[in-house]
């Protein structure tokens, strides 16, 4: 009986992760459409995530590093970059459709590979990896060239998001690793410090004046049920994807987890097409699928190199296991518990 129970438990975790991951981008788009205050929306998400980790820690469901001001000072640059990535991501979803977000999110391996080779003196990518990056670039160029919803504002936010998320991937992971925080500690510090920074961005962007004017004139949608529901779903799903993501990663192999992530991307595209008209043209969707396929090929090429290295050197195997954990943690930190960056 133990085996069937474990099977059902694992299946439930995979299904839960798939649903949260595939729906999160669409939910965030829905939230920012109905609640047009990106600064306040992300602040509520930071609050939900930080409070959720703290409460679950108190209840013994997880373990996170305690908040210490000395550590917080060292962590602050990471939190600033994280906040900027979330800020640009939210504004990208505000001005563009989900498909555009997925295309630019899929471009990150290309920039990370260039940055790693240029700044971190990493080896030049293999031929298969280089081919996969070209496929990603080709799909993205085709999408942009045929995007009927192209606006300078939307693509300005898209490029700003691309730069900030690439910076986080190349630099921030290394810095945070040196601080010795565990994964939930990273999540806790990230969201709590970002919550502290939120008022500053409200003033800089002038959003506070729009919010107060809307409340004063009673014309805003701040307290409408549909806006409340959208924001609540965004916050809850942001927390749920972390729970299911961490649990799913422990329950299944890295390969199975990668396959699940790929399926989630296709589910996001399908859901986005079915529920509303905020999506790309047929050719744009084809280019989007080409970009995703390039991402799949990229993952396979990197995994292949890792496997060969681990077979040659047992010590390398342990190193790659640690690397896989770090890379997963990075993805969860940026897209999961924060709830602001999509689960794709």
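Cβ atoms are placed via backbone N, Cα and C, with glycine included.
Remember, predicted model here, so these are calculated numbers, not experimental data.
According to TrEMBL:
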DOMAIN    19-298  domain 'Sugar phosphate transporter'
REGION    311-344  region 'Disordered'
TRANSMEM  12-32  transmembrane segment
TRANSMEM  44-63  transmembrane segment
TRANSMEM  75-94  transmembrane segment
TRANSMEM  128-146  transmembrane segment
TRANSMEM  152-172  transmembrane segment
TRANSMEM  184-205  transmembrane segment
TRANSMEM  225-247  transmembrane segment
TRANSMEM  254-275  transmembrane segment
TRANSMEM  281-298  transmembrane segment
Q) Which stretch from 75-94, 128-146, 152-172, 225-247 shares the most C-beta pairs under 8 Å with the transmembrane segment (44-63)? A) 225-247
(Q) Using a cut-off of under 8 Å between C-beta atoms, tell me which stretch among 12-32, 75-94, 128-146, 281-298 contacts the transmembrane segment (225-247) the most. (A) 12-32
Q | Spatial neighbours of the transmembrane segment (128-146) far in sequence, C-beta under 8 Å, 6+ residues away | A | 99-100, 103-104, 106-107, 109-110, 113, 155, 280-281, 283-284, 286-295, 297-298, 300-302, 304-305
